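Pulled from Swiss-Prot, these are the features on record:
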| type | residues | note |
| --- | --- | --- |
| DOMAIN | 53-83 | domain '4Fe-4S ferredoxin-type 1' |
| BINDING | Cys63, Cys66, Cys69, Cys113 | [4Fe-4S] cluster 1 binding site |
| BINDING | Cys73, Cys103, Cys106, Cys109 | [4Fe-4S] cluster 2 binding site |
| DOMAIN | 94-123 | domain '4Fe-4S ferredoxin-type 2' |
Amino acid sequence: MAWLDQSARSLFLAEFVSSFLLAMRYFFKPKVTLNYPFEKGPLSPRFRGEHALRRYPNGEERCIACKLCEAICPALAITIEAGPRRNDGTRRTTRYDIDMTKCIYCGLCQEACPVDAIVEGPNFEFATETREELMYDKNRLLANGDRWEREIAKNIALDAPYR
C-alpha cells in the first residue's frame, strides 16, 4: 500500500511541475488578445458581413432583377420586385428588401448572383436599437455598396481564382 501512496504523490508532483512549466511558457509569449473596440483583427476575404448592392463604374446599379438570390435564400429574407423592361431590354428592381432578422449569412445569394450585384461586405458592426432598422431597402443596400466598394472589389478579386 505504501508503494501506491508513494507513486500517487510522485505522479501528482510530476503533473504539477509539467502544468506549471506550460503556464510559464505561455506567460512569457506575446499576448494574442485584442482590445476590440480600439484594435481590430484581420478579416478573411471571404468574410460574410453586412449586405450591399453594387454599382457599375458608370454609376448604374448592377442588379438585373433575375431574382435568383430571392429564390435561393433558405431563410426567405429577400424580397424583389422588378420594374418594366427598359428600352434596351434590361430590367432593374423597383424594390429590393432584405430582412436582416431572418438572414443566416450563408452567402448563397452572393454565389447565385450572375453579375455580382448582391454581396456580403466586410462590415460586422451594424447593431441597432430597433428591429425596423434591420429591414434593409434598396437605398440602404446601395449606400452600403458605395461605402464599401473598394474593400468589396478587393475581396472579390482575391476570391476570383476559387470561384
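Every residue gets a Cβ built from N, Cα and C, even glycine.
Listed in sequence order, the residues Cys69, Ile72, Pro74, Ala75, Ala77, Ile78, Ile104, Tyr105, Gly107, Leu108 complete the 8 Å Cβ shell around the [4Fe-4S] cluster 2 site centroid, once Cys73, Cys103, Cys106, Cys109 themselves are left out. When the C-alpha distances from Cys103 ([4Fe-4S] cluster 2 binding site) to the binding-site residues Cys66, Cys69, Cys113 are tabulated, the minimum falls on Cys69. Nearest Cα neighbour of Cys63 ([4Fe-4S] cluster 1 binding site) among the listed binding-site residues (Cys73, Cys106, Cys109): Cys109. The two recorded residues Cys106 ([4Fe-4S] cluster 2 binding site) and Cys113 ([4Fe-4S] cluster 1 binding site) have their Cα atoms spaced 14 Å from each other. Per-residue confidence over the domain '4Fe-4S ferredoxin-type 1' (53-83) averages 95 (mean pLDDT, predicted model).
For the pair Cys66 ([4Fe-4S] cluster 1 binding site) and Cys109 ([4Fe-4S] cluster 2 binding site), the C-alpha distance works out to 12 angstrom.
Scoring each of the binding-site residues (Cys69, Cys106) by how many neighbouring Cβ atoms lie within 10 Å, the top position goes to Cys69. Counting in whole angstrom, Cys113 ([4Fe-4S] cluster 1 binding site) lies 11 from Cys73 ([4Fe-4S] cluster 2 binding site) by their C-alpha atoms. Between the binding-site residues Cys66, Cys103, Cys109, Cys113, Cys109 has the most other Cβ atoms inside 10 Å of its own Cβ, all protein chains included. The most densely surrounded of the binding-site residues Cys63, Cys73 is Cys63 (count of other Cβ atoms within 10 A of its Cβ). Same-chain residues with CB within 8 A of the center of the Cys63, Cys66, Cys69, Cys113 CB atoms, the [4Fe-4S] cluster 1 site residues themselves not counted, are Ile64, Ala65, Lys67, Leu68, Glu70, Ile80, Cys109, Ala112, Pro114, Val115, Ala117, Ile118.
Under DSSP, the residues of the domain '4Fe-4S ferredoxin-type 2' (94-123) split into helix, strand and coil as follows: 5 helix, 9 strand, 16 coil. Across the domain '4Fe-4S ferredoxin-type 1' (53-83), DSSP helix (H, G, I), strand (E, B) and coil residues number 5 helix, 8 strand, 18 coil.
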